[in-house]
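Okay, so here's the structure we're looking at.
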């Protein structure tokens, strides 16, 4: 019998023929720790009695949630991180380069077929290049730092097939929101999602990244895309035979297969305060808004900023609406700057901030208050996520978000 | 087999980690500093009302959201002896095991339970409530090993010859 992509990755990693439900120990290719958790990882690592990292080059430390610091205690995390990195000989430290999930693939830390863990739930993002990547807590991270291994249960796989051409006003964000709505917030818990079909093949790596990023919002352990020529170019490599083999076999066993026609997708939103409360944007039209946020590890990439700039070109953000734009990394910031995208956004009235997680995780840079409503391109609309528990968060694509910023209310983007 | 009894707090479906502990409090220095804010977006008074040995009974997908390990740590620090839910999110499940917070999956209890009532848990066997018995499964062996060691830190200390 054939294998799914996740089964092939685990088989390659462990040298064992595996099936869903098996508990196996994997060798970890790379780990990511971010600023919020590094003090805890460091403490647990030493409490466990480890005296050296299993492989300092495989450990990446990224400051993003607290950059730049917004409270007096925040810099303690940077000092603790710097001390840890120095003490254990770590070179891969990013102090203000961007959001962890953007940097891990952008800076070349993750390659197709790798097994990667991070101290953040959106670590599923690296499935965009065909890596098995998943989020864990700081205690497990500390044990990986010492051992280089971790136990996992081989997940069942849900296959998602999308064929055809997407309507012009639809982005990959609309696809993953629709899928989360169809599966439910726990519909893929403990499971792998595997994406295929002509729509997915024609998609940029950046668009795949948005989908893989939000797989966790359906509970998924990981989300996998088959590495192809675009992946190879993005990663700056030539695919080897193993990486080329990472597609689901015809006779692989899937828990179920969900099939979509690309032409059927429409712009959608996740309504307050559940990620799986998905509605067509058309039925929400006219709802007044106070703020729009375009950014995050979900939708802060060049193509996202470009899509927003196309909508905003020559227009103005509506009175009383604040538009906050946060590129996902410094590299993207510079590219967008060189291409004039930031000029277009600023001329339309956007506030452009440094790359980071601040607003998405409710710590800085545009926090909202009781009764306010925001259209946002990030990944979570949980109660209290971007301010008080009486803020209403609508999740949408960058195109939809930009159109809403101009209209001052929820609207469906035209193109 | 071990059995224990506790007073129940009832929560709904999809209790996410931002509800259990909002991001804005994650940079506080200790779990004890943070625990007063537990569940604050949903029920600001709850953290102050929970007493040692109380039990949380919730719906499906408890602990969904971020990887913050402070979530199970805070629940434990508040004195909760175990969380019984219809289902748990994956990362929260691992984090709880690694910190020695007991989680029990039970599909029916949540539909019947009333807040403030008392239940009895007989480990790996069943929960007793209001004269009715609700069966529960035993944990897989590798997870029991971590719990029996007293959590992952202790398991690693043993591995490294410290304990």
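Glycine is no exception: its Cβ is also placed from the backbone N, Cα and C atoms.
Record note: TrEMBL gives A:357, A:360 as [4Fe-4S] cluster-binding, and the candidate from A:271, A:297 in that site is A:297. According to DSSP, residue A:297 ([4Fe-4S] cluster binding site) sits within a helical segment.
Those same-chain residues not listed among A:297, A:357, A:360 yet with C-beta within 8 angstroms of the centroid of the [4Fe-4S] cluster site C-beta atoms are A:64, A:65, A:99, A:101, A:122, A:295, A:296, A:298, A:300, A:328, A:356, A:358, A:359, A:361, A:378, A:379.
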